[in-house]
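Per Swiss-Prot, the features are:
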TRANSMEM  6-26  transmembrane segment
TRANSMEM  58-78  transmembrane segment
TRANSMEM  87-107  transmembrane segment
TRANSMEM  109-129  transmembrane segment
TRANSMEM  173-193  transmembrane segment
TRANSMEM  196-216  transmembrane segment
TRANSMEM  219-239  transmembrane segment
TRANSMEM  242-262  transmembrane segment
TRANSMEM  271-291  transmembrane segment
TRANSMEM  299-319  transmembrane segment
TRANSMEM  335-355  transmembrane segment
TRANSMEM  359-379  transmembrane segment
DOMAIN    405-486  domain 'RCK C-terminal'
């Protein structure tokens, strides 16, 4: 490649990336996933589009996609709170293993019938499209205030179900590539254990070593993110090299680092945020360039049947069967999880495996994977907001600071500065600072008024439009935001939790005459907390609800995992 070709490559690449970024606001206006915009730009620039760029280098696409996916998973792991595992780990693992196997089997049978394939070839198609995609799930759920049990289950599933899909895909390719090979139970069991076992061991072990290395190093601030990124990629590659799941490993590395006091954590997250956007744009641009839309015309009708069969039948059946042991999921939760079986880059990456292995019919597998991904993003991704509203799993948005930044005085420092702008309707307007009930361990460090810095004292009175810089830790964020911030306006806020709020220490006997409750010996001595535990189990989450004696009871407040208050909706409002 000469200098002119290199410059042309840079020019075209930068132009496509810039166009993708500038078109990103269109996704919110049209209600379609932003990843679809990036993919569309790549397709339009490709062989069948106005750009006319001929790109058929599957090895390069495989390299770019794996690198991008690794970065996305590292960032996603660092932003996942380990506390969410309390309510979502086992359901997510059930979906990541049994769910993928069930989806693969049903989709494989449909593919074999629709495309007149051998049953093993059909199963290979099912394995390729059998797992949800972490990049798509993290991107579309980011910033949404979902029921914690549902949101965490979807995120953990998407970060941990790829080993099962890779295991099934690689196994079936080995069998189809060797006519003498057999489906040995011991061979499959060993491969399965290697994928998950090595992935978990290297992810957690490597994450611990990388965490120690980061905290012991004294580097320029900008170098910590490079150390984390390079270390994560080393663990990802080592896991893949040894036969484990690199995808699972790097997700666990991010999870470990994100939930430990890590030096430079905030600057690392800021850099990774930008890297994740670059990765998403680059990955979907390259995959879009790789696709020749005219190749999909021959398979569009059976392809639609396969995609909708997976969306409407295979995925829901897999979810309902996988979640049977977990009674805490309501029917609405299960339907929403079924609908958010988003496919994205991973199926396309897996579809490259048969191409690189030289299997007969590999182009069909690739085209089918691409077709299923397009339908999934268009149908499931575009309807995500509507589905969340209908399933009632989206919570009213929480009040948050307008910005937050770390105060990394010590390697293990968890101090942050939260910035709030006071609106006119906050009760603290006109009140002196000494009368505010601030959470323990927090302090107002500065007050800005009309672009002027004030030196706050106990007698300083707050005014509308004041900007407050508050020093505190993440554990105090909810209390501080409720005190100073303003949640985004939405019509659903007043109705979601109900019009009446009850402290969980109140006895049902005291509520009986007010709400017409009929109590017996078993319920007469119960408190509201006892009722919630009896109906929802030991791990309720915000927004959980149940129907009892014609009233809708909604978990409206939690503190350290304990329900503090409950909202009540009357029958006419439910």
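Even glycines carry a Cβ here, placed using N, Cα and C.
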Long-range neighbours of the transmembrane segment (87-107), counting only residues six or more past its ends (CB under 8 A) | 123, 125-127, 129-131, 148-149, 152-157, 160-161, 163-165, 168, 306, 309-310, 313-315, 317-319, 321-323, 325-326, 328-329, 337, 341, 539, 541
When you check the transmembrane segment (271-291) against the transmembrane segment (109-129), do you get at least 3 Cβ pairs under 8 Å, counting only pairs 6 or more apart in sequence?
-> no
Across 6-26, 335-355, 359-379, the most C-beta pairs under 8 Å with the transmembrane segment (109-129) come from 359-379
Average the pLDDT scores across the domain 'RCK C-terminal' (405-486) and report the rounded value.
-> 83
Find the member of 6-26, 58-78, 299-319, 335-355 that has more C-beta pairs under 8 Å to the transmembrane segment (219-239) than any other listed stretch.
-> 58-78
Same-chain residues at least 6 beyond the ends of the transmembrane segment (242-262) with CB under 8 Å of its CB atoms are 69-70, 73-82, 134, 159-160, 162-163, 166, 191, 194-204, 206-208, 210-211, 214-215, 228, 231-233, 235-236, 268-269, 346, 411-414
Range from 6-26, 58-78, 299-319 with most C-beta pairs under 8 A to the transmembrane segment (335-355) = 58-78
If one takes Cβ-Cβ under 8 Å and requires six or more residues beyond its ends, the residues near the transmembrane segment (6-26) are 34, 37-38, 41-42, 45, 53, 278, 281-282, 285
Restricting to the same chain and to residues at least six past its boundaries, which positions have a Cβ under 8 Å from a Cβ of the transmembrane segment (58-78)?
-> 134-135, 138, 155, 159, 228-229, 232-233, 236, 246-247, 250-258, 268-269, 272-273, 275-276, 279-280, 282-283, 286-287, 289-290, 345-346, 348-349, 352, 355-356
